[in-house]
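Noted in TrEMBL for the protein shown:
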type     : residues  : note
TRANSMEM : B:16-37   : transmembrane segment
DOMAIN   : B:17-254  : domain 'MacB-like periplasmic core'
TRANSMEM : B:283-305 : transmembrane segment
DOMAIN   : B:285-394 : domain 'ABC3 transporter permease C-terminal'
TRANSMEM : B:334-355 : transmembrane segment
TRANSMEM : B:367-390 : transmembrane segment
Amino acid sequence: MKARTLALISVVVALLAVFVFVNFRSGPFAAIRVTVASVEKRAIAPALFGIGTVEAQYTYKIGPTVASRVKHIAVQVGDLIHAGQVLGEMDPVDLDDRINAQKANRQRVASAVQAAEAQVQDGIARLQHANAQLQRYQKLLTTHAISQETVDIKRQEQRIAQAGLAADRANLDVAHRDLARVEADVKGALQQRSNQQLIAPADGLVVARDADPGTTLVAGQAVLIVIDPNSLWINARFDQLRASGLRAGLSARIALRSQAEQTFAGSVLRLEPLADAVTEETLAKVVFDDIPDPLPLVGELAEVTVALPMHSAVPVINKASVQRIDNRLGVWRVDDGELRFAPVTLGAEDLEGSVEILTGLNQGDQVVVYSERALNTRSRIAIVEQLAGVSP
Amino acid sequence: MISLAGRDIIHSWGKFVLTGFGLGLLIGVTLSMAGIYRGMVDDAKVMLDNTGADLWVVQQGTQGPYAESSSLYDDIYRSLLDMPGVLRAANVTYLNMQVNHGGHDVSAMVVGVMPGEPGTPGHPLYLIAGRHITRSHYEAVADINTGFQLGEHIQIRRNLYTVVGLTRRMVSYNGDPMVFIPLKDAQQAQFLKDNDALIQQRRRNADNPAFNRPQTPDLVDALNASQSTNTYVNAVLLQTKPDVFPEEVAESIRRWKRLQVYTRPQMEAIMFNKLIDKSAKQIALFLVILAIVSATIVAFIIYTLTMGKTREIAVLKLIGTPNRTIAGMIMQQSIGLGVIGFVVGKITATFWAPIFPKYVLLEPADALRGFIAVVLICALASLLAIRAALKIDPAEAISG
């Protein structure tokens, strides 16, 4: 009988013990499990994170200056080209015939110049003869062998010869100018002809061939797009809320989407004076220290992490500790197992989630980092190393 | 003084304890069902709590962002910040989707949150590991129920996100765990079509002579670019200043900004009357039926247990035991059985609650109600048994 009583009592006691245990381990009576950390004094290195696309600093869009049709293209996408190389040609249509006409015209005008020169020679001869005649008749007049009237006629003839020569010279001048004009016309036509050729303005890499022979293009439309592969940079965008301190010269790490595990060294070349007003982002150009080989693809997504200068050592906590209670930012401080809300002011933060505490905490203070539930001053807490469900 | 009930229990303690366990499991099921109902209601409530918002601003004429879809321009929050009584405003997007994790999908609600200090509306309230989002792209804080761990990569649409923080009890109204990602990524995730659809769209645009004109070769590119942007959010969450009534602020926004605004009680009403209405009622009805069935079974067990002791009661009567003592014995035994059943039920319910895929909330008030109900049912059932016992003829003790 006694053994049975004991057995029954032990079963009941065990049940009650488990009952009390479960009531205090779960539900609202249970202590909230939290992890705590002490406030460390250390220096943090804030950093900025942005994304952008690989772009080329120098992009040349090569195309016709007037509406015309593509005649042939000598290069393909991926070809390396040199400055001055002929990359293709637009169809000149009747330009060559017009040049031939201009050249024939030039010969005609050159002949006209020769004719005018002969005219001038003729005029000079006439004038010399008139001068000689006048001198001879003037001598005869002094001996009264001829009348004054005859001398006057000779003087008039000499003046007519003078005027004729002046007219001939003017004609020659006109012919010379005509020749110059026609020559300029020929030169212009030849230049127009050479403008039909698509010439590389600089060394580069052909990245696009937008039109094939036979295609008609409007003025300014690109046939070929050429980039300078040594001028690749990242056009990076930083959220304006998290872009303070960004400036030229800061070092950066660049991760390309296709090679996410690898990062490349770079630096901020410049901060764009114009920000994007729609996306509320600050724009910056980030250059590679060494252009990666193989070349990054133009247009590829890249992640940029810019390191800011190291701060001096101050109290630092994990930002997961910071809560907003009654409109104040603060942390839950643990004093002798009691929770106390300590308002804080925050300083700079880094990308690993650490934040500087400017006021409100001292080095060595114990603060709650993670908690199973939201806390309040009446919460009962149990401090653990790690919360349930989190793998170490 | 010797307790007659105690002695009887000790006499057949194995039978007594086993019956108690059986009852306990039944009570455990009933308590769990109550927990499932409470958990369902709590999921909806906790979703609203976790936003930290006093007001929800949504598209005019909609009951968004949870019960209906709603879209607003993402710069409206600035003009809302200027409204009197508004303390903080934050854009938010919600997207129910399958998040790829190690080759299999996890149903989750992806929440796009604006960068900001702790306590910005929409942010997870507390973490259980890791850190908050610090980069403006491709980082995620996930609820532990997703099964994600720190440092893992998850795929949302075409981008990979690194899990940098874990939280718990951040769920949507239907219990799906939440994954918090930066707002800009979430906006992209909402509009971004798959690559095939993008290519087809570009081709359709290029084939349309209205867009692909020879004189303006850049038009089709501009059109493609404009078709792949998203400047919309689902709602703006507002926190009001402590000394104003949210309803007053809501009214002035409705009137002057021509947007729909819901206060916390209105949002709760939408949640409970429109979203979880039917499933909650379904569970509640089943809970009522289960409670009635459990009560009946408990009553029958007590009754048959007493009836099994007919001969012993007859002997007691024969030796002149007063009726009060016999009634007391039966009453004490049945209440004792009820108490053991309740304790076992509460323990089992607590132990198996975490195994349920959705949240099971065992409220102490429910447990107390359950306890009172069990004791009352046991007392009532024992009254029936007592009535039957007192009718027993003492002669039965010596008959047969």
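Quick reminder: no glycine exception, Cβ is built from N, Cα and C everywhere.
With a cut-off of 8 Å between Cβ atoms, the residues of this chain six or more beyond the transmembrane segment (B:16-37) that come close are 9, 280, 283-284, 286-287, 290-291, 294, 297-298, 301, 305, 333, 336-338, 340-349, 352-353, 356, 358, 360-363, 366-367, 370, 374. Confidence over the domain 'ABC3 transporter permease C-terminal' (B:285-394), given as mean pLDDT on the 0 to 100 scale, stands at 86.
Tertiary neighbourhood of the transmembrane segment (B:283-305): same-chain residues 19, 22-23, 26-27, 29-30, 33-34, 36-37, 40, 333-334, 337-338, 341, 373-374, 377-378, 380-382, 384-385, 388, selected by CB-CB distance under 8 Å and a gap of 6+ residues from either end.
For the domain 'ABC3 transporter permease C-terminal' (B:285-394), the DSSP counts in helix, strand and coil order read 93 helix, 0 strand, 17 coil.
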